[in-house]
Amino acid sequence: MQILIGFVVLFGLLALGIHVAGVLFVIGMGGGLLTLGKAIALDFGNQAWTVLNSFVMTSVPLFILLGELLLRSGVTDQMYNSLSLWLSRLPGGLLHTNIGACAILAANSGSSVATAATIGTVAIPTFKARRYNDRIVLGSLAAGGTLGILIPPSINMIIYGSIADTSVGRLFMASFIPGIILAVFFMAIIAIIAVIWPAVSGVPEAKTSLAHKLRTVTSFLPSLFIIFTIMGSIYLGWATPTEAAALGVLAILLVAWLRGRVTITMLHEAFASSLKTTAMILLIMVTAFYMNFVISLLGIPQSLSTWFIGLNLSPHVTIWLIVVFYIVMGTFIETIAMMVTTVPLVLPLVVSAGYDPVWFGVFLMILCEASLITPPVGMNLYVVQGIRPDKGPMKDIVIGVLPFLAMMVLVLAVLIYFPDIVLWLPNRMLGY
């Protein structure tokens, strides 16, 4: 009953338009005062200090800053054009470039919004000139942008690691192969659609010589340099995720400086935007950790886990019920808020069903990706709509993402029935 009342209050306050952090604080503080007494209020400061003093959480503002600098560095323009020469002859043409470019940028920024906005700004004018179908173009940009929270580094994965007390480095290693698989599935559905309905691909691209393609390879070097600086330093054991984030910021500043993009205005905009986003995320984290602290003292996670185990459901049924739960939640709650409010309750159920917390972290990222392109609150839908020059109907983007949502569900099924896909790389590299 306590859980039901809590969810009713949570959804009711969110429906009234109250900021997520305010809602979490009201539920945590109100519930604590009513059930545990006034002394619980004094623990808010301790919980806030625990979150803000976390070495792992220090990487969040750094990765946000990295994404903002990347957005303004101009790295993506040449990379996108060069990638299009290599992929445009596939069925679906330049649509594959959207997915490929998003995957590469995701490995640089760790942000889905930055990925969708950056690639979309470069790509949309190109597609207009070649008369591609608007829906599939916009859908591929919105869906491709979601790779930013699955392909490492990922801000959402850092937050999950902090909540679940799980190694962020191990999560980054575990998410690499599933991220590539999802990108390949996205490209596969594009090819299938293009074969069935050739008109979606617009004007066919002219054939380009291999020599010309090879001359464009240097356009990938800035992105590869940033990827190696961040992920290479983690995978090789040279740096922690937080240290790698700092190295990534230095790397993108170097690249932007060499390209002549570093100005006082550019830095001011990047830092100001980063501060706003960081403040929002950390405020949610502080209030969420406090609410979860109160919930833990009340024994709610343990009671829920005991009740669920008593249902005697198979592990596969349990995880599919969790999939349905998150897909429904994702239609009206933003991804970070959804994670911080549900992981403390859901993770014990997942572990009791025999699943690894690292596996579930990667699995949850795909569910968060789905929420980013699920109306009415799918963030990437609004990002792509915002950069769309003609400001056409939102339903074009919603219809365009449906094939990619189907691919996400298919990848979820693959990970459920073949969990070693997630755990093989970290186990291999870390010697488990």
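Glycine residues also receive a Cβ, built from the backbone N, Cα and C atoms like all the rest.
Per TrEMBL, the features are:
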TRANSMEM  7-28  transmembrane segment
DOMAIN    7-421  domain 'TRAP C4-dicarboxylate transport system permease DctM subunit'
TRANSMEM  48-71  transmembrane segment
TRANSMEM  136-159  transmembrane segment
TRANSMEM  171-197  transmembrane segment
TRANSMEM  217-238  transmembrane segment
TRANSMEM  244-260  transmembrane segment
TRANSMEM  281-300  transmembrane segment
TRANSMEM  306-329  transmembrane segment
TRANSMEM  336-355  transmembrane segment
TRANSMEM  361-384  transmembrane segment
TRANSMEM  396-418  transmembrane segment
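Relative to the transmembrane segment (396-418), the listed stretch 136-159 leads the set 136-159, 217-238, 281-300, 306-329, 336-355 in CB pairs under 8 A. The stretches the transmembrane segment (48-71) and the transmembrane segment (171-197) do not meet in space: the count of Cβ pairs below 8 angstroms, excluding pairs fewer than 6 apart in sequence, stays at fewer than three. Model confidence over the domain 'TRAP C4-dicarboxylate transport system permease DctM subunit' (7-421) stands at 84, taken as the mean pLDDT rounded to a whole number.
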